[in-house]
Amino acid sequence: MTMREYMLGNVAIARGLLEGGVQVVAGYPGTPSSEIIDTLAARKDPDYHIEWSVNEKVAMEVAVGAAWTGVRSVVTMKHVGLNVAADPFMTLAYAGTKGGLIAIVADDPSCHSSQNEQDTRRYAQFALVPCFDPSTPQEAKDMLPYAFEFSEKFEVPVIFRPTTRISHGKSDIELGEMPVEKTAPNFEKLLDRWVMLPKNARPRHTHLLSIQQSIEDALAESPWNSLELKPDAKFGVIGAGIASVYAKEALVELGLEVSYLKIGTYPVPRKLILELLETVDTVLVFEELEPIVEEQVKMIAQEAGLEVSVFGKTNGFVPREGELDVSAFLEALKKTFDLETEAETSSTALELAPRPPALCAGCSHRATFYSMKKVFGKDAIYPSDIGCYTLGIQNGTVETTLCMGSSISVASGLYHAGEKRPICCSIGDSTFFHSGMNSLLNAIVNKANITVTILDNRITAMTGHQPNPGVGYTATGEPTVQVSLEELCKAMGAEFVSVVDPYRLEETQEAFKAAKEFEGVAVVITRQPCVISGKRAGIRRAPYLVDPEKCEGCKQCVKFGCPAIEFNEKDKCAVITSLCSGCGVCAQICKFDAILEVKR
Amino acid sequence: MSQAEQKKLDLLITGVGGQGAILASDIIGKAAVTSGIPIRAAETHGMAQRGGSVVNHIRVGNDYGSMIPKKGADLLLALEPMEAVRYLDFLKDGGVVIVNTQPIIPVTVTSGLTKYPEVPDILEFLSEKYIVKAFNADELAYEAGSRLAMNVVMVGAVSGYLPIPKEIILESVKALVPQKTIEVNLRAFEAGRQKVEES
């Protein structure tokens with residue numbers, strides 16, 4: 001009997017890596033990719049090295065070093081992480097690999113938890129490396145051992161690109177065997193491959209180009225592409241990756257007799273596309289994000305001199321932004337056949353209150369932002385960064401967010417442009433270690449006059465509480481050196497470094513005042529563990545309540561924006577709910593001493 | 001209808017981050033796998049879950065993607081009343097809405113930016129097009145021993161509609177809730193199931 005388990009897509013991907021015999025795993029957390037390493041790090045007695053690296057570039061290079069010894073390695077990240085790791089990756093394509101190397105880069109169509117929706121398949125095209133694009137969590141798991149073998153066969157790194165709905169989808173998964181034998185590492189000194197001097201890079205580029213056709217031919221034969229030709233069908237559908245199952249579901253529901261090509265690898269299987277194009281007169285291409293398959297289909301048709309109408313994103317039949325689904329395919333189908341499309345009817349006649357995500361009850365970021373706003377005021381400029389604290393946009397203290405680490409450098413640019421208003425930026429501890437360090441060093445050396453707030457909640461919170469260099473333990477929980485943020489800042493030349501507890505409003509505001517006065521780069525570290533990981537680590541605080549006798553109904557506490565504070569309109573009195581985590585900040589805000597700690 | 005067709009069911013679970021929508025969908029998912037029925041599900045993680053609105057798609061007996069098409073869901077299980085209305089586009093006309101009537105007031109309302117609709121108005125609105133089963137699942141969970149078991153009350157409430165035997169769902173509840181809370185959760189499950197059977 002085969003084993004079937006109900007699994008998260010990322011857990012299935014972790015399982016696929018084990019079935020493929022992975023020996024070194026590195027990555028940086030990023031939604032929707034994080035649970036792959038979380039899963040592998042939580043396994044007892046792992047027979048592989050696993051780490052959360054400080055950023056994606058570093059993680060990529062760790063995986064490269066490992067693969068150059070001949071063992072199988074993997075690096076995981078979200079789509080924008082590959083921008084950070086693009087430097088090693090683009091040249092790695094030339095150098096190639098010995099052991100299989102898979103870069104798992106998870107895309108996020110619709111920006112569920114991201115700052116853009118770039119398509120990693122473009123990177124594969126750009127770097128001239130093969131890319132695997134799974135359509136279901138099961139296929140994702142099954143592809144990985146194949147991807148390792150493929151990488152070794154052609155001695156090239158490969159990209160494996162799940163999307164949010166694969167990574168955070170769940171499915172029944174049929175498990176395979178896990179190999180027992182491990183490869184012994186042996187770094188061969190192939191200097192003409194590992195030293196990318198111009199004299200070595202030139203022939204390696206030629207080599208990479210020369211194997212493209214063989215790569216394409218091998219992928220066309222792989223199980224991840226399939227062509228179903230229906231006799232006499234003049235209409236064909238091409239679906240890629242996860243979009244292929246949406247198209248398939250719609251076609252089966254409608255009972256349409258059309259030819260169908262499913263694509264799961266890049267470079268695209270030219271042979272299969274040609275075979276389809278030779279039998280039909282119209283093709284609808286359905287893929288998420290960029291029109292990558294579509295462009296190839298058009299080129300192939302033109303080169304072969306085939307008169308086929310190709311519909312997709314380039315001519316407005318399929319949206320180029322956002323994620324797709326069965327309904328989007330039906331819409332595209334109707335447009336293709338010029339059928340009437342239903343007008344968007346909203347079934348909601350009821351006015352609903354928006355429910356955006358918010359910082360947790362007791363989150364120290366809210367307290368930091370409160371003090372920051374008090375001291376710097378409405379006039380100041382607040383560049384920020386990427387993390388839970390980006391939600392501080394609701395507090396009026398997040399006014400720019402570009403990419404990881406950019407808060408400090410954008411703040412410097414604002415200052416050097418001549419902005420006279422005070423500039424106070426914010427960055428989380430993990431984001432600071434990721435790439436904010438470089439920005440701080442740059443700001444100090446180039447004499448910016450800004451305040452840098454490091455929101456030190458002792459964890460990488462938003463992606464699911466992964467450790468960072470400040471916490472003192474590794475991905476597997478093993479104790480390691482605990483890097484001091486304050487010492488690090490001082491070592492980089494910061495002359496003003498103040499560490500405060502953001503739950504203490506007065507102390508925090510004093511620090512911000514001094515930072516504001518300081519000429520140069522002032523660093524304020526607001527340190528208080530994340531309420532979620534703190535609770536898990538056993539931090540317990542008595543909750544607070546409102547004394548209705550003393551409450552004047554001024555709503556100052558309500559305006560603080562904590563989800564645990566509500567307002568009773570009937571009694572004109574604030575109410576603290578069971579969500580209260582006991583941070584005590586609202587009690588300090590209340591001018592009437594109406595908020596009290598619950599005595600046990 | 002073939003046997004496979006009978007086992008097909010598209011269910012949407014909606015609620016607020018932190019209410020346990022993922023555990024509720026896991027209980028159903030695991031039970032489906034034990035019953036040998038294919039299952040697909042889609043969840044809300046990351047930035048989207050910090051106290052925000054969440055929606056899980058669960059497709060029992062499905063071999064394709066995890067996303068339910070618009071107007072494709074047979075059932076909507078809403079852990080919070082306003083969140084029942086937010087995703088109605090996914091529900092079939094005449095579909096069933098099982099709704100917990102205990103509201104959670106979002107910060108946009110407490111801060112005075114907008115208003116929360118009256119719960120009776122929500123239920124009346126839902127009844128216009130759909131079959132509505134409404135009750136306070138938080139209270140039932142409290143009576144069963146813990147408010148935290150509200151999500152399992154709701155799994156109990158939907159269990160009669162699932163093409164999965166009750167015993168298998170109960171096994172799944174036992175396997176997935178914390179060991180110490182099994183008794184409370186089994187009572188919560190029964191309370192929810194009974195509520196819908198009675199209605």
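Here the Cβ of each residue, glycine as well, is placed from N, Cα and C on the backbone.
Those TrEMBL annotations? Automatic predictions, nothing curated.
Binding of [4Fe-4S] cluster 2 is attributed by TrEMBL to A:Cys580, A:Cys583, A:Cys586, and within the candidate set A:Cys562, A:Cys573 the record adds A:Cys562 to that site. [4Fe-4S] cluster 1 binding, as stated in TrEMBL, involves A:Cys551, A:Cys554, A:Cys557; the candidate among A:Cys530, A:Cys590 given for that site is A:Cys590. Remark: secondary structure over the domain '4Fe-4S ferredoxin-type' (A:571-600) totals 5 helix, 7 strand, 18 coil, with classes taken from DSSP. Confidence over the domain '4Fe-4S ferredoxin-type' (A:571-600), given as mean pLDDT on the 0 to 100 scale, stands at 94. Same-chain neighbours of the domain '4Fe-4S ferredoxin-type' (A:542-570): 358-362, 366, 370, 394-395, 576-582, 584-587, 589-600, counting only residues six or more beyond its ends whose CB sits under 8 Å from a CB of the stretch. Looking only at the binding-site residues A:Cys562, A:Cys583, A:Cys586, the one with its C-alpha closest to A:Cys554 ([4Fe-4S] cluster 1 binding site) is A:Cys586. Taking the centre of the Cβ atoms of A:Cys551, A:Cys554, A:Cys557, A:Cys590 as the [4Fe-4S] cluster 1 site, the nearby residues of that chain (Cβ within 8 Å, site residues left out) are A:Val546, A:Glu552, A:Gly553, A:Lys555, A:Gln556, A:Val558, A:Ala574, A:Cys586, A:Ile589, A:Lys591, A:Phe592, A:Ala594, A:Ile595. The CA atom of A:Cys580 ([4Fe-4S] cluster 2 binding site) is located 16 Å away from the CA atom of A:Cys590 ([4Fe-4S] cluster 1 binding site).
Its Cβ placed at the centre, A:Cys583 ([4Fe-4S] cluster 2 binding site) has 23 other Cβ atoms within 10 Å. Note: A:Cys557 ([4Fe-4S] cluster 1 binding site) has non-local neighbours A:Val546, A:Ile565, A:Ala574, A:Cys586, A:Ile589, A:Cys590, A:Ile595, i.e. same-chain residues 6+ apart with C-beta under 8 A of its own C-beta.
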